[in-house]
């Protein structure tokens, strides 16, 4: 058998034997539907998996993963994949908390910070996507112009989260949920180099956890 396929099959078998078969109380209720409390936006980076790092169980979080954990502003004709996920999570699943998680050593953030005006695209889709965080990039460049590039990246990893939190407020159903108290926005940053996880509410007031 193809070893790449075998890895998937053996991984599932281990999960079924050690988790699925041993925890029917966890999986049985999921057969009739889902009612997650959280909607999590996380990066597609293979080193960061919110279910693993946060100990989230099946049914706990409705998750969207993309380059640099970015949330674009509300637009009915653009980024409809993200918009439909937010709409479904908020309006149908009635999630209570929207969490945007940035992370250390993020390639998408490095790409954003490296963008040069007028320079040809290296990765068209990636570069177009990370421009969602352009405002955060400009803030970091202005306020931290003298610090090294890597340090700017670390700062931008958090500032880009704040841009996504603000963008979430442009969705009418999110805005309504925030106004009536049924929704909460949380920003977060996972540093897999130091093993730290920071959270902050919007407006941002970072706190270790």
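Placement of Cβ uses the backbone N, Cα and C atoms for every residue, glycine included.
Listed features, source TrEMBL:
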- 43, 45, 103, 106: Zn(2+) binding site (BINDING)
For residue 103 (Zn(2+) binding site), the three-state class that DSSP assigns: strand
Cβ-Cβ distance under 8 Å to residue 106 (Zn(2+) binding site), same chain, at least six residues away: 43, 45, 68, 153, 157
Cβ neighbours of residue 45 (Zn(2+) binding site) where a neighbour is any other Cβ within 10 Å: 19
Zn(2+) site shell beyond 43, 45, 103, 106, criterion: Cβ within 8 Å of Cβ centroid: 42, 44, 47, 48, 68, 69, 102, 104, 105, 107, 108, 109, 157, 190
Assigned element (helix, strand, coil) containing residue 45 (Zn(2+) binding site), judged by DSSP: coil
List of residues, in chain order, with Cβ under 8 A from that of residue 103 (Zn(2+) binding site) and at least 6 apart: 42, 43, 45, 47, 48, 69, 157, 189, 190, 191, 192
Residue 43 (Zn(2+) binding site): tally of other CB atoms within 10 A of its CB: 24
